[in-house]
Amino acid sequence: MDVRIYAEGTRLLGCVAPLSTYTVILKKLNEPGGGKKPEKKQKLLFICAFLTCIGLTFLILACAVPSPKIFYPFFVLLFYVLSVLPVFIAKRTTPGNETNPKSEFALFLTAGMVLSAFALPIVLAHAAVITWTAGILTIISNLINYGTIFGYAMRDDEPYGSMF
């Protein structure tokens, strides 16, 4: 049975489809929020984006607040990008979820880069290149950003497993 629906304010103007399709669509349109509920993946993505913005704000504050025009804390951005690459490459080249020396070495490289990201502001502050306030703000930024990366990587909703 086909029914022609002329609903104002919907995308159903003049469409022809089975009646059951329109009942489902109209039920979704009558729900609060128009039937557009954010999915679990979207919520996770919004949370990760929000936490990353907070972490980068702390990193910008580390460069601007204690002594202006000292941008050495921004070097940890390289570690943010480079720390996930070995695990992603090993994950793509390893079949299934088995452990092999390649994935173990990738985890070792990742741990070394994460440790370097935490050690860099401490070394720079100890050498008086940046202030201790900038070093602490950079470490707070590292905690937030690496926590976000780790939390996103540990999700299990992917069809091929999570990052680790």
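Using N, Cα and C of the backbone, Cβ positions are placed for all residues, glycine too.
The list of residues near the transmembrane segment (44-64) in space but at least 6 beyond its ends in sequence, with Cβ under 8 angstroms from a Cβ of it, reads 38, 70-74, 76-77, 121, 130, 133-135, 137-138, 140-142, 144-145, 147-148, 151-152, 155. The transmembrane segment annotation in TrEMBL covers 44-64 (among others).
Same-chain neighbours of the transmembrane segment (70-89): 59, 62-63, 103, 105-107, 109-110, 113-114, 116-117, 120-121, 124, 129-130, 134-135, 137-138, 141-142, 145-146, 149, 153, 163-164, counting only residues six or more beyond its ends whose CB sits under 8 Å from a CB of the stretch. According to TrEMBL, the transmembrane segment annotation covers 70-89 (among others).
The transmembrane segment annotation in TrEMBL covers 105-124 (among others). Long-range contacts of the transmembrane segment (105-124) within the same chain: residues 62, 72-73, 75-76, 79-80, 82-84, 86-87, 89-91, 130, 134-136, 138-139, 142, 146, 164, each at least 6 residues beyond the stretch ends and with a Cβ under 8 Å from a Cβ of the stretch.
Annotation source TrEMBL lists transmembrane segment at 130-154 (among others).
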Long-range neighbours of the transmembrane segment (130-154), counting only residues six or more past its ends (CB under 8 A): 44, 48, 51-52, 54-56, 58-59, 61-63, 65-67, 70, 72-73, 76, 80, 83-84, 87, 114, 117-118, 120-122, 124, 162-164
